[in-house]
There are 2 protein chains.
Amino acid sequence: MKYGIVIYPQKEIQDWANSLRKRYDSHYTLIPPHITIKEAFEIENINEAIQYIENITSQIPPFTLKLSKVGTFLPISPVVYVGFEKNPVIYELQEKLNADILKRPLKHQFIPHMTIAQDLHEQEIHDVYGRLKLENLNKSILVDRIHLCYQIENQSWTVYQTFLLTGK
Amino acid sequence: MKYGIVIYPQKEIQDWANSLRKRYDSHYTLIPPHITIKEAFEIENINEAIQYIENITSQIPPFTLKLSKVGTFLPISPVVYVGFEKNPVIYELQEKLNADILKRPLKHQFIPHMTIAQDLHEQEIHDVYGRLKLENLNKSILVDRIHLCYQIENQSWTVYQTFLLTGK
């Protein structure tokens with residue numbers, strides 16, 4: 001079974017992202033707008049993982065991600081995303097969630113982002129990129145919790161457990 | 001903002017339900033297979049609601065729902081669902097989640113169920129009902145948590161918080 005860990009932005013940001021994803025993101029119906037903090041991974045003992053994650057989230061305080069720019073992963077991957085102003089806390093969280101029993105090889109360097117478009121032809125990706133640069137990005141995400149999800153047969157994700165960030 | 005409270009069955013049950021919902025349920029992509037324990041409701045102070053729910057789930061122990069039969073809400077509603085053997089705990093949970101600050105008028109009497117088909121013509125509903133009666137229902141759902149969700153603009157639901165059932 002595949003697990004993953006994500007941040008769901010608050011509803012206003014999700015609604016804004018979905019108004020764009022609807023047209024551009026093939027995963028639009030499979031998962032709400034999100035920031036992946038840990039890519040799909042497998043683990044035998046999920047309860048052990050949960051204890052481990054709880055220990056981490058008790059050390060990390062709530063933090064803010066300020067939207068900063070539109071980016072693309074071209075030529076590696078046909079994706080347009082929204083990125084954030086650097087905030088060391090999300091890197092600390094990501095590193096701690098990829099250590100010890102949760103350590104897995106990373107497919108890509110960790111770049112915190114919210115995907116807006118994917119699985120389009122390269123020319124379309126360029127068009128969407130240009131289009132998105134006109135969007136107002138004066139928005140912030142308050143991150144006070146993360147969600148451990150699992151993938152079901154139709155490739156969509158169900159939340160298994162929420163972890164509140166309770167560090168000081 | 002609309003909130004709701006649901007039970008997500010474990011992956012095996014979700015995969016089985018989705019293999020059917022895919023063809024028959026218009027909400028297939030909007031929410032994973034689930035049992036609604038509290039219908040959509042609004043509340044001003046969500047943190048107050050969370051404290052209230054935590055207090056309830058600390059009193060309710062994990063319980064099992066054994067699948068028992070295929071039912072339909074015709075003629076009131078064109079829905080085919082899977083029902084469960086009576087278990088008083090889910091009724092207790094539902095009642096407690098509809099009291100005090102969470103008390104709201106019920107649209108329908110509470111019948112614990114997992115929807116498999118909806119928004120079809122009446123004749124199709126009858127066909128699906130006949131077809132589902134041939135399914136093997138020798139399955140159980142272990143309920144050890146509930147999920148508070150909110151609805152986003154595209155009518156899909158995002159999980160806000162998980163509550164483990166920790167009663168003895």
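Including glycine, each Cβ sits where the backbone N, Cα and C put it.
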Task: Stretch carrying motif 'HXTX 1' according to TrEMBL (options B:2-5, B:34-37, B:46-49) - done: B:34-37
Open item on the list: Please identify the range among B:73-76, B:113-116, B:157-160 that TrEMBL labels motif 'HXTX 2'.
Closed with: B:113-116
Task: Close approaches to the motif 'HXTX 2' (B:113-116) from elsewhere in its chain (Cβ under 8 angstroms; 6 or more beyond its ends) - done: 9, 13, 17, 20-21, 24-25, 27, 33-35, 70-71, 79-84, 128, 132
Open item on the list: A 10 Å Cβ contact count, applied to the active-site residues B:H34, B:H113: which residue has the minimum?
Closed with: B:H113
TODO: Could you state the whole-number distance in Å separating the C-alpha atoms of B:H34 (active site, proton donor) and B:H113 (active site, proton acceptor)?
DONE: 8
